[in-house]
Amino acid sequence: MPGERLAVRDASEVGRFPGVAPPTRVELTIHKEGEKKEEEGGCRRWLRKAFPCCCQRQNSASLDVTDRVELVAPPTPPLLPEPPKSTPENGELKEMEEMKLSVCSVDLLSSKTGQNRAEHHTDMYHGDELIVRRGQSFQIEVEFNRPFDTDTDKLHLDMRTGPLPTVSKGTHATVLLVDSPEDKRWAAKIVEQSGNKVKLSVNSPASAVCGLYGLTVTCGATTGEATTTHSCSRNIVVLFNPWCEEDTVFLDDEEERKEYVLNDTGRIYYGTEKQIGARTWNFGQFHEGVLEACLFILEKSNIPPSGRGDPVNVVRVISAMINAQDDLGVLVGNWSGDYSDGVSPTAWSSSVEILRKYHSSDGFPVSYGQCWVFSGVTTTVLRCLGIPARSVTNFQSAHDTDVSLTTDIYLDENMDPIDYLNSDSVWNFHVWNDCWMARPDLPPGHGGWQAVDSTPQETSQGTFRCGPASISAIRSGQVFLKHDTPFVFAEVNSDKIYWQRNLDGTFSQIYSEKKAVGHYISTKASGSDERADITHLYKHQEGSEEERIAVETASRYGSKPNTYSSPVAEDVSVEVKIDDEGARMGADAQLSILVKNLSSHPRRTTLHSQVAVMYYTGVVKGTIKKEQISVELQPNEEKTIEWVLPYQQYQNQLVDQAALMLTLSGRVNETQQVLANQTTFRLRTPDITIKPLGEAVVGKEMAAKITFTNPLPRMLVGVVFRVEGLGLQKGHEVVVGDVGAHSTVTLTEHFIPTQPGPRKLVASLDCKQLTQVHGVADIVSQP
């Protein structure tokens, strides 16, 4: 691919572990005068017998010193007969060859009914290829020509994807053999050994490039002798992993994973808001040939293999490739009513035939599709690749053509429509997709469901595609956040603005219809065939102050920023303050909201507040509290409002490493100024206290007292401590069990320092109810 080159390593490094030089030993033997020299080898003796004239021993006394050197061409030596293979002297060579380690075969353990496919939730895919999900270990079995010796033998794997695999771009992974694999890197570990067979557990990082990998196994001796390489005849498919917490597509609800990743059928809604119809659609992401077609689409898109680890990139490319405009993608759109040279869009009920037809024709676009067909195929491809996805229908869906974020209707002086200006439209319904992922490229709180639209309507960066656009950003009107958020916002929440032409040719706004767009946004419910209304995810309640603020906020980033009246003044400010220590886990969370009136006139506003639980990745789990706060300010007055989140409201809502996000919005009555603030905070967990006991001296036993107090008014179940100190003691676990509410646990660790100098003893606590609890003590060991 452009910009990628194959890295060629020095031949001396092939098969070696990078950064680890094999130990080198040079042995020098000096024979003193009078000592018996080493006996001749068998080959030398055989040559002496066969050709005595060529193998005469030289006597040191017969050597002459001369100042003249004559170069004489040596006579052509007679052909040496090949020594018999059965001679004893060659038995040693044969034995050495047999002792040299080599790979006989590699079993990927890829059966549909095997452990790998079951553990990776890929057992429903057709065929017996090894299909795994990144960030999760899988097993393979390697058979050697002799038993593998961990002391004298070495091996490593190479995983390569794309036409020009390179280590720097993540498309060539060297998988080293280690004792304990780390979650964030490629590594392998021996888990079973029987005779000449070794079973390896291979771990991949949660950020690994997705796609088709080739595997080679390289083995040899630790002494640095020549290595042998075996190329596996079958490939490995690596997919995104919604079951892995470290993967950006992680979805923590098992029922939702079953629905949005594993369900191969669904329902797509159509019609009008008053007459909603539904049709069953076979996504068929596990059907024969579909995975191959999806990988083919990625290849045809020309996305560099190095970019296939980021779901934002992949989704954006899929959005472009499902339609045939400008890149000869999967489906040709047709709204003409004439489908005589293809298949009518209404005739399709499955993605399988479409994808297989596109693949078998080597990428010739399939005719024809409309929005629900584009959406159904997009759902199939994303679920097949491991990205949670669903088809979504918006009734009364606006099509904004000029990025005004309004649906504009132009009338002449007689109130008749001006057809050539009325390019914006409102569709009875439009179907697109939601896909689930974290958005580390956006501010916190904008992960989760993202809108992506494969129906060719408008170009995005020169290509017919749309999204992924954060639904959270759409809801709040933050249309400046990528990708294509303004277009999707207009589809669901734009106002219909009527403009009349004046006698001088200018236009005046004569009417605005605020509830004309974005009704009954629908998708199939998780776990049933019922329709789920998800309008509340895309917009605040129609007509509410929060919804109006979102509309006006969004419009200011459009091509007609003055559609709505600008505030008379902006003299009120709002900010959130957190004390030095912050809110404490197990207690009520308290924040201070500071509102200032900088004008010489009174000001009144109503602040709408809501607090949501958020994963550390920025994905919002859900809102746990909403309220309205009325504020009246005298001229130049400053008020502090104490905001409280009771422990009872968040105790059962928190997730691992969770944060909370407080969102404030409001409008100043007198000036129409919009107020907005978003603050993320976490609940502070207690520290573990570590107190050294006695003097730290290398080789002399000492102790440390470790103390922890449960901050929660509830029992901690299954508490485990992990203690480690480099140069002090090896890491180990201490199983404590259950710890009652507000109870204190005390451990005394006894250990013997092994290294002098400044050292750190570290302890951490792990249990389901409480995470991110740790402590450290500085210890200086004396020699």
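Glycine too: its Cβ is placed from the backbone N, Cα and C atoms.
Note on TrEMBL: of 1-23, 461-483, 484-506, the range annotated with the feature region 'Disordered' is 1-23.
Looking only at the recorded positions Asp453, Asp495, Glu542, Glu547, the densest Cβ neighbourhood within 10 Å occurs at Asp453. Spatially close to Asn493 (Ca(2+) binding site) yet at least six residues away along the chain are Ile474, Gly477, Val517, Gly518, Tyr538, Lys539, Glu547, Ala550, Val551, Ala554, judged by Cβ distances under 8 angstroms.
Measuring Cα to Cα from Cys371 (active site), the recorded positions that fall within 10 Å are His430, Asp453, out of His430, Asp453, Asp495, Glu542. Other residues of the same chain near the Ca(2+) site, with their Cβ within 8 Å of the Cβ centroid of Asn493, Asp495, Glu542, Glu547, are Ser494, Lys514, Lys515, Val517, Gly518, Lys539, His540, Gly543, Arg548, Ala550, Val551. Helix, strand and coil content of the domain 'Transglutaminase-like' (363-456), in residues and according to DSSP, is 15 helix, 40 strand, 39 coil. Distance between Cα atoms for Glu542 (Ca(2+) binding site) and Asp453 (active site): 24 Å, as a whole number. Counting every protein chain shown, the Cβ of His430 (active site) has 24 other Cβ atoms within 10 Å.
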